[in-house]
Amino acid sequence: MIGLFKVKEKQKEEAKNNNTRGASAKKQSAGELRLHKDITELNLPKSCSISFPNGKNDLMNFEVTIKPDDGYYLGGKFVFTFQVSPVYPHEAPKVKCKTKVYHPNIDLEGNVCLNILREDWKPVLNINTLIYGLFHLFTEPNHEDPLNHDAAAVLRDNPKQFESNVKRAMSGGYVGQTSFPRCI
């Protein structure tokens, strides 16, 4: 019991010393603690990577890059931003696609239609699950729950034309009146 009091005293002293140097000890929210755990336990496919553009001190905002190794989007490079709320995991992260892409489940503004980002989100899910969900959108796009209705209709009615449109868009061309940046 005496050892516990000594540890507490030492912690108070360290906190006091830090405060006198102008560096206040910021207390982490429950969301930050859970996110730190999720990131530490990530088990990403080789074709996915994570980066922290604001530095490691801002875990609540990060980017995930997905380079599909199969399907229509083979060879592409797609970047997603994640904004995580302090109440995570009780609220799903906000995810946007920074790369303009011709995809039935991603609109031209980067909004993503993935059920686990909306109605199927549960606190037991984690960042790893979301990244695998995004990865799955590229290996098997879903025309039944679209954000880009034109792309979904082409995928449903003419898969060969859809494949051609995806290749043209990823090469930096036009699909209809919409131009896409090169992402290969």
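Backbone N, Cα and C define each Cβ position, glycine as well.
Copied over from TrEMBL, here are the features:
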- 10-30: region 'Disordered' (REGION)
- 30-175: domain 'UBC core' (DOMAIN)
- C113: active site, glycyl thioester intermediate (ACT_SITE)
Could you break down the residues of the domain 'UBC core' (30-175) into DSSP helix, strand and coil, giving a count for each?
48 helix, 26 strand, 72 coil
Roughly where does the domain 'UBC core' (30-175) sit in mean pLDDT, to the nearest integer?
96
Close in space, distant in sequence - C113 (active site, glycyl thioester intermediate), Cβ under 8 Å, 6 or more apart
N105, I106, D107, D145, P146, L147
